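These features come from Swiss-Prot:
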BINDING   L123, G127, H128, L129  (6S)-5,6,7,8-tetrahydrofolate binding site
SITE      H231  site 'Plays an important role in substrate specificity'
MOD_RES   K232  N6-(pyridoxal phosphate)lysine
Amino acid sequence: MVRYISDYDLQDVDTEVFKCITDESNRQNSQLQLIASENFVSKAVLQAQGSIFTNKYAEGYPGKRYYCGCHFADIIENIAIERLCKLFGCKFANVQPHSGSQANQGVFAALLKPGDTVIGMSLDCGGHLTHGSAPSISGKWFNAVQYQVDRDTGMIDMDAIEKLALSHNPSLIIAGSSSYPRTIDFKRFREIADKVGAYLLADIAHYAGLVAAGEFPSPIEYAHVITSTTHKTLRGPRGAVIMTNHEDIYKKIQSSIFPGMQGGPLMHVIAARAVAFGEALKPEFKDYAKQIIKNSKTLVKVFQERGLNVVTGGTDSHMVVVDLRPKSVTGKDAVLALERLGIICNKNAIPFDPEKPFVTSGLRFGSAAETSRGLQEPEFEKIGHMVCDVIDSLKTTDDVRLSIEQDVIRRVKELTDTFKV
């Protein structure tokens with residue numbers, strides 16, 4: 001009998017790919033991960049995502065598939081939906097979107113017509129590409145109007161947003177961001193939306209784990225529809241979800257995702273999401289979320305003590321954004337220097353940034369991944385000082401900079417050797 005599938009392990013079948021995966025594992029273990037949109041998933045999540053469900057095509061929804069053999073696919077998707085609804089206190093949910101961008105596009109397809117007016121946060125002030133940015137479909141297919149933050153405080157100006165809404169009469173208002181570290185007044189957003197007859201979309205991609213744990217305001221009472229990724233503070237596999245308490249909106253979203261935006265769902269990823277949602281329902285996840293915020297506030301404290309300008313003056317979440325202009329350093333130069341020494345973050349635009357997007361005047365840090373690893377305030381205090389040492393070294397002599405870099409490499413290794421992924 002001839003079989004055309006292999007029973008051999010990856011390391012025996014494809015040494016090139018196996019080496020790349022091994023190298024990436026070593027990189028994650030040996031560096032400090034401070035990118036706000038990344039996290040470390042559990043072994044159980046990895047096992048579910050690498051499961052036999054990767055073989056199954058399950059086009060459609062539970063109980064209404066286009067293919068046979070979907071009994072267990074239905075069970076696993078229903079588990080994911082039930083756990084998600086319990087986690088966020090919502091009535092309806094779609095767990096099939098492949099990404100946060102597709103989740104947002106699915107909402108647009110469900111609720112808007114091309115040319116409708118959409119109000120969202122501008123990219124440089126902390127918004128996401130899908131919130132109406134010009135290069136995105138959201139900026140090309142719709143009349144996108146962007147709100148900004150207050151120039152002096154860096155905070156969302158709700159009065160300015162209300163004036164914008166009254167002036168432009170949008171069909172949809174988006175509350176949410178990708179680099180705004182403060183709480184969001186979802187109640188006020190809904191009041192503004194009601195004044196102009198608009199839908200309110202809350203994009204909580206960055207804050208979802210904190211919302212689920214009660215450490216960040218929940219939009220469930222106010223938003224018509226909520227989107228989120230599942231791989232940031234929620235600590236699940238990559239992908240996204242859509243939630244609502246409105247059955248009429250739910251039905252529109254179901255058809256906009258399938259067959260509107262996607263074909264077959266990724267059942268192995270949905271299985272992994274179900275595991276992650278189950279983990280987030282456990283009491284210890286609340287402790288994890290609390291520690292995330294303690295750690296980010298520790299970074300803020302150190303940065304401010306060392307003379308870094310923290311955008312908005314602080315944080316209420318996992319994110320910290322710093323303005324490097326007072327240091328006469330660009331985000332690009334700083335992030336490359338940090339990466340060389342094993343500290344991974346991202347260059348980031350600051351509000352009204354004069355620099356180009358691939359240069360930027362700022363950095364964005366996130367505490368979720370290293371909190372998953374077990375680091376707490378004492379370790380984040382050390383990280384904060386290392387970051388400041390590296391930034392300050394960029395304006396010193398070569399000899400001084402080399403000495404600082406060697407010291408930071410040693411201190412990074414001490415932390416990563418102690419706290420394994």
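Please read every residue number as a count from 1 along the shown chain.
Placement of Cβ uses the backbone N, Cα and C atoms for every residue, glycine included.
Locations of recorded Swiss-Prot features on the structure.
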residue : record                                                  : Cβ neighbours (10 Å)
L123    : (6S)-5,6,7,8-tetrahydrofolate binding site              : 23
G127    : (6S)-5,6,7,8-tetrahydrofolate binding site              : 24
H128    : (6S)-5,6,7,8-tetrahydrofolate binding site              : 23
L129    : (6S)-5,6,7,8-tetrahydrofolate binding site              : 18
H231    : site 'Plays an important role in substrate specificity' : 26
K232    : N6-(pyridoxal phosphate)lysine                          : 28
Inter-residue C-alpha distance, L129 ((6S)-5,6,7,8-tetrahydrofolate binding site) and the residue listed as 'N6-(pyridoxal phosphate)lysine' (nearest angstrom): 17
Environment of L123, G127, H128, L129, the listed (6S)-5,6,7,8-tetrahydrofolate site - residues of the same chain whose CB lies within 8 A of the CB centroid: G120, M121, S122, G126, T130, H131, G132, S133, S136, S177, S178
Alpha-carbon distance [K232 (N6-(pyridoxal phosphate)lysine); L123 ((6S)-5,6,7,8-tetrahydrofolate binding site)] in Å: 19
Between H128 ((6S)-5,6,7,8-tetrahydrofolate binding site) and H231 (site 'Plays an important role in substrate specificity'): CA-CA distance (Å): 16
